[in-house]
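A quick write-up on the structure given underneath.
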Amino acid sequence: MKKEIASHLLEIGAVFLQPNDPFTWSSGMKSPIYCDNRLTLSYPKVRQAIAAGLEELIKEHFPTVEIIAGTATAGIAHAAWVSDRMDLPMCYVRSKAKGHGKGNQIEGKAEKGQKVVVVEDLISTGGSAITCVEALREAGCEVLGIVSIFTYELEAGKEKLEAANVASYSLSDYSALTEVAAEKGMIGQAETKKLQEWRKNPANEAWITA
């Protein structure tokens, strides 16, 4: 499953690998990878494979789920497709409460005591997913865990999720993606080394000249 999804993401250009010409994230950090899972919305077969995979993860790890919650905005569509497949209620969670109207942070009906699984498109440092989890917990929901399309497998993300006491499972990850990219001839040994070094310590830009 991990390599299949990784292959899909590479084929449609949802993931870009540029170890020799790094991207600069909004945080200022240099990165050899950029992920835009919103592109999956435009490819029916890919988004169907993702929805089926997320459903499988949820049934395996969180079988008692009662409602699906999407993170705004990238997780909303995938949460909708998964909830439809599973015939479950759905809501979505904003990064912060609206400044007008009812001031809702959670849109849709999430009731106190309901068992929720959060659907996220990408796990990097885990910040947006944890914000979603905290909002649901404050509303009295029981958050069973998070499922996502892809994770960078960053230690900072793992540590934050552990500190928040929330389980997280992804359809694909950085390791599988770099392996598939190498198998497809998209990157060579030198590029693979740079990608591996970045993964070990993203904050240290020594990987750029590795």
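Each Cβ is built from the backbone N, Cα and C atoms, and glycine gets one as well.
Listed in Swiss-Prot for this protein:
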- Arg94, Lys98, His100, Glu120, Asp121, Leu122, Ile123, Ser124, Thr125, Gly126, Gly127, Ser128: 5-phospho-alpha-D-ribose 1-diphosphate binding site (BINDING)
- Ser124: orotate binding site (BINDING)
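DSSP classifies Gly127 (5-phospho-alpha-D-ribose 1-diphosphate binding site) as helix under the three-state reduction. Sequence-distant neighbours of Arg94 (5-phospho-alpha-D-ribose 1-diphosphate binding site) (same chain, 6+ residues apart, CB-CB distance under 8 A): Ala72, Asn104, Gln105, Ile106, Glu107, Ala135.
Most Cβ neighbours within 10 Å, among the binding-site residues Ile123, Gly127: Ile123 holds that distinction in the structure as shown. Annotation note: Asp121 (5-phospho-alpha-D-ribose 1-diphosphate binding site) sits in a strand segment as assigned by DSSP. Sequence-distant neighbours of the residue listed as 'orotate binding site': residues of the same chain at least 6 apart with a C-beta under 8 Å from its C-beta are Thr151, Tyr152, Leu154, Gly157. Of all the binding-site residues listed (Asp121, Thr125), Thr125 has the fewest other CB atoms within 10 A of its CB.
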